[in-house]
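Taken from TrEMBL as is:
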TRANSMEM  12-35  transmembrane segment
TRANSMEM  47-72  transmembrane segment
TRANSMEM  97-120  transmembrane segment
TRANSMEM  126-145  transmembrane segment
TRANSMEM  172-197  transmembrane segment
Amino acid sequence: MGVLSALSRLLKAALGFGAVCLVAAGVGLAVYAAYFHTPGPVYRYPVGVGMLLCCVLVVCSVQTVLLSWGLIRAARIQIPDSEGECWDSMCCRTYDVVYFVAMTTVAVFYFIGSCVGQPWTPPDGVVWSLVLVLVNAANALLSWARRKEAALRATVTNNLPMKAVTKVVKRAGYVLNGCLRALVLLFFGMMLGGAWIQGIGYAQHGGSAAPGTFLEVRYGLGTQRFHVWCDGPVNASRPTVWLETGGGHTLYDLLGIQRGLTRAGWRACAYDKPGMGLSDYGFANQDDSYHYPLIQATGERGPFVVAAWGGGVNLAWEFARTHRENVTSLILMDCYDDDFEFRQERFVRNLTDAEMERKKEEDLRSRVFLHDVIRTVGVQWGLMSIFAGGGADKATFQPPEYYDAFRFLNSYNEKSWTYQFFGLLDHFRSPYPFGNNTVGRDVPLFVMASRTNGTAQCIKNRQPLDSQACRDTIRRHDYAYEYKLGTATYTDQSQVATCQGCTLGFPVEESQWTTGEILRYLDGLPAVV
């Protein structure tokens, strides 16, 4: 009796454990869903991994409840714990044991993968995967106990049959449950691949393996750690070049330019923005107020040549506007304001203001959907080579030893896509029209513009050269080029360089040409006094 009483208490504890885990997973899903499209209370935090792990935990916790309740029920009524013909067979009970051993194994390796990527991978992934290890280990033990119980009782009762109706219902339930289990195992196994890609990626490219240094910066929103790399000789007569990338890019994008500058005797700095690369997560109310405190924290002496690519123009332009004394010159590499793409579309398709606003909303919805898929499926299942298969070619990327870090930190982790999602919302809802925020007319300005060959682009897109689609493609590229040339009129001291036949990615794809043009421009600047 003492043994049976102890077993009964143990089974009740297992039942309670399963119920608690089920409730916790449900609460977790509700919380993650609430913050999926809005920043968290403190940080712009990745929630995709936690959401999917909670989905797996719901199913596994239900199995714990069913297994423990089945054993409790069998002990009370003292009959074989039969669940239909398949459930009566030792083969199916053995399958249960094997299944939960497999789930436990996947959970263990997922836990390890989540740990090796710390502190950059979400810590809640570590917690949920540890809970999944415990739940599935309990399920494996319960399945083994049910197998032993069935074998023992079958020898005593000759496996008492159930009523026909009960047998059909329970068999159908078992088949459905088995299908659900198989899907969850497949689902969880694919998630394991994503966890290891992220974990190993951060382990390989973070910490001591990362170039540069990590600086803690305190400013109005709080304290954040930034990944910064300043390299090159300190020369009192030469200003430091401060490199700014746009949203969705890391300091690795402009390493080719940075290395070219340092080899030519110039000092250059690049960094990861909050939420990108190896810098800390962005705050829920993240803005650009970190920028000047970060520059001060580096200890670099101004004034600076601020070189911006793409969306990095917003920070560069604002810095030149509010800290003119710290800016020797601005370099704009294919820079647009946030609303440019829609003005371009209005020009090409002759849209009215109302039509342009509708298109803007449609584009926002489609991009939000794409980001949702990437954050919950692409990254978590290790499929980012499909979603983000383009980009710079390894053969042309400079320096080549950082290509893997460039690919991983830009595209293969949930952290960067979370930053890009909220950056996307800021881009649509709070555009920064840098052209309307004038800087001093005396600021030297160097505009670098790509001029894409529209005809070649039509051929690449398989658009007939006499088609309307091709004509629109050519008009888009011509409009973009004219816009970039127009930014050279924002100051009285400007120069222009054109990258013929290039795309928007020329600072990465054509870093050697870009560096050469920048050096030519820098050599013409007066010495710092």
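Just so you know, glycine gets a Cβ as well, placed from its N, Cα and C.
Between the transmembrane segment (47-72) and the listed ranges 12-35, 97-120, 126-145, 172-197, the one holding the most Cβ pairs under 8 Å is 12-35.
Only pairs six or more apart in sequence are counted, and the transmembrane segment (12-35) with the transmembrane segment (172-197) gives fewer than three Cβ pairs under 8 Å, not enough to call it a contact.
Only residues 6 or more beyond the boundaries of the transmembrane segment (126-145), in the same chain, are considered here, and those with a CB under 8 A from a CB of the stretch are 14, 17-18, 21, 24, 28, 49-50, 53-54, 56-57, 60-61, 63-64, 67-68, 71, 93, 96-97, 99-101, 103-104, 107-108, 110-111, 114-115, 118, 195.
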